[in-house]
Amino acid sequence: MEIILFLTMMVMIAYVFSGYLYRVALVQSSRVDLIFTRFENMCFKIIGTDLEHMSAKTYVKHFLAFNGFMGVITFVLLIVQQWLFLNPNHNLNQSIDLAFNTAISFLTNSNLQHYNGESGVTYLTQMIVMTYLMFTSSASGYAVCIAMLRRLTGLTNIIGNFYQDIVRFIVRVLLPLSCLISILLMTQGVPQTLHANLMIRTLSGHIQHIAFGPIASLESIKHLGTNGGGFLAGNSATPFENPNIWSNFIEMGSMMLLPMSMLFLFGRMLSRHGKRVHRHALILFVAMFFIFIAILTLTMWSEYRGNPILANLGIHGANMEGKEVRFGAGLSALFTVITTAFTTGSVNNMHDSLTPLGGLGPMVLMMLNVVFGGEGVGLMNLLIYVLLTLFICSLMVGKTPEYLNMPIGAREMKCIVLVFLIHPILILVFSALAFMIPGASESITNPSFHGISQVMYEMTSAAANNGSGFEGLKDDTTFWNISTGIIMLLSRYIPIILQLMISSSLVNKKSYHQDKHTIAIDKPYFGVSLIVFIVLLSGLTFIPVLLLGPIGEFLTLK
């Protein structure tokens, strides 16, 4: 019941909050202008931008340049961090390959961590590099999505200014909400301090070092921005990051808020005036929510069912291996599904200890990479499936392939197919390399089916810009650092470039009349068709390897 109430409440909050996002996205005046405008203008002066409207090509160039600059600075700081200030625990520099992986990971909103949070970075890099990139990577995804929506919906005839979009989103959305969430987490016991690690003497007389630091400030944007990188190695399974059931709900709600709101925002932009949400967006929301609930049901059923091998020995009950008692199997499964559906990557339990079908659920969500997804890019990926579904359905019934009065032609379909294929190609090719390259497979700590699942999960998490992992994998090696870094880089930027090309191409040949021979996108049967094509296309792509991994493991447990 608590899960049903929580999900219902989050849908309602996201619907209401999308109205505020609508004013932020379209640069409309609001009551908060007096608070934020001066700070925004100061940021624009520092950046040196004149807020001129950009073409799609210029917008992409500035997006890539901005991200490239941040990536270089991050890499340099990580390889010299031990010689900088705010390092009371005397943490060492990262190796070249690990710094490469870490910089790309946080730059692309993945937050895949091949280092221990306690010892891998200093307080300085944790706050200036990691926390800063959590804001900018999230805002970058939002900015390119809003640019795409402005053109697709025809609400404006401009794509916007990249720096204006990113600054407004950080100042008016991320910063206020992060401050509020940080305060709420501190009331639940999450630390926020610059003191060095605590050194205590245990009851047995041994010395123990307890790691803590400025955790609350990172924890808020970590979930709000669908980032996922933990201050501590145990991530949100540790009491300092996630002390109790209330902090658990706060963190889950933070992950869901903005991606859900983006879908409703799309609906408001389609309705032109923003006071209501267009039926097309509601159909998309219901379709994604249906897949979300289906995967959640599978995961919870599998975790509550427990391990059949133990059941045969007379040990009945839920699968509690790798889980925190304060959360139990139910809330652990919910957190797992949310963090992979919304591509956050934080964990409140160890995914490597999930049952075979319990691990299948989050893996499938990342393979789909379309069920709500991360900030902005999740909606962009969904629209690719919408265009693909429309094109196939239209040809099947002899109607004109058209979306929002814009004909879908051969040029757009080439880009759409490329976006669709990049994701599985990166996952499958690099997974195969992990078994072929000498030394790479030595990182696999489990034999047979589960070992394949470990590799597939790691590569899928990198390709989906998620960041969670089956942490039994020994991933801090040259192969895993470089390979996952390349995957994260390609899977982030190539689709974004192609998606903006698709939207610009559609708009340039926009038709201003409604053709009666087109598929209705605001009817329930379109939502059903979308679900069928998502499952069918992804199933044909990934079923063979899933049979070698979690499904094969499930069939062997008796």
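Even glycines carry a Cβ here, placed using N, Cα and C.
Sequence annotations record features per position, and here Swiss-Prot assigns transmembrane segment to 1-21 (among others) based on sequence analysis.
The transmembrane segment annotation in Swiss-Prot covers 66-86 (among others). With a cut-off of 8 Å between Cβ atoms, the residues of this chain six or more beyond the transmembrane segment (66-86) that come close are 92-96, 98-100, 102-104, 106-107, 121-125, 127-129, 133, 136-137, 140, 162-163, 166, 194, 493.
Among the features that Swiss-Prot reports, transmembrane segment is placed at 127-147 (among others). Through the fold, the transmembrane segment (127-147) approaches residues 25, 56, 59-60, 63, 66-67, 70, 73-74, 77-78, 86, 106-109, 111, 121, 159-160, 162, 165-166, 169-170, 174-175, 178, 214, 217-218, 221-222, 224-227, 229, 258, 262, 374-377, 379-380, 496, 499-500 of its own chain, all at least 6 residues removed from its boundaries and within a Cβ separation under 8 Å.
Residues or ranges marked as transmembrane segment in Swiss-Prot (evidence: sequence analysis): 166-186 (among others).
The transmembrane segment annotation in Swiss-Prot covers 245-265 (among others).
The feature transmembrane segment is assigned by Swiss-Prot to 281-301 (among others). When Cβ-Cβ distances below 8 Å are used as the criterion, the transmembrane segment (281-301) is approached by residues 11, 260, 263-264, 266-268, 270, 329-330, 333-334, 336-337, 341, 354, 357-358, 360-362, 364-365, 368, 370-372, 382, 386, 521-524, 526-528, 530-531, 534-535 of the same chain, each at least six residues removed from its ends.
Annotated transmembrane segment per Swiss-Prot: 327-347 (among others), in sequence order, evidence recorded as sequence analysis.
Residues annotated as transmembrane segment in Swiss-Prot: 354-374 (among others). Counting residues 6+ beyond its ends, the transmembrane segment (354-374) has Cβ neighbours under 8 Å at 109, 138, 141, 226, 256, 259-260, 263, 288, 291-292, 295-296, 298-299, 301-303, 305-307, 319, 322, 333, 336-337, 339-344, 381-382, 385, 423-424, 427, 449-450, 453, 456-457, 460-461, 463-466, 468, 470, 534, 538, 541-542, 546, 549-551, 553-554, 557 in the same chain.
Per Swiss-Prot, transmembrane segment is recorded for 377-397 (among others), and the stated evidence type is sequence analysis.
The transmembrane segment annotation in Swiss-Prot covers 416-436 (among others), and the record cites sequence analysis as its basis. With a threshold of 8 Å between CB atoms, the same-chain residues lying at least 6 positions outside the transmembrane segment (416-436) that come near it are 367, 369, 381, 384-385, 387-388, 391, 444, 455-456, 459-460, 462-464, 479-480, 483-484, 486-487, 490-491, 494-495, 498-499, 502, 537, 541-542, 545.
Sequence-distant neighbours of the transmembrane segment (482-502) (same chain, 6+ residues past either end, Cβ-Cβ under 8 Å): 56, 59-60, 63-64, 67, 97, 100-101, 104-105, 108-110, 112, 114, 144, 147-148, 377, 380-381, 383-384, 387, 412, 415-416, 418-419, 422-423, 426-427, 430, 433-434, 440, 458-459, 462-465, 475. Positions annotated as transmembrane segment by Swiss-Prot, on the basis of sequence analysis: 482-502 (among others).
Annotation comment: Swiss-Prot describes 531-551 (among others) as transmembrane segment, evidence class sequence analysis. Cβ atoms under 8 Å from those of the transmembrane segment (531-551) belong to residues 287, 290-291, 356-357, 359-360, 363-364, 367-368, 370, 385, 388-389, 392, 420, 424, 427-428, 431, 449-450, 452-453, 456 of the same chain, restricted to positions at least 6 beyond its ends.
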Under a criterion of three or more Cβ pairs within a distance under 8 Å and sequence separation of at least 6, are the transmembrane segment (377-397) and the transmembrane segment (245-265) in contact?
yes
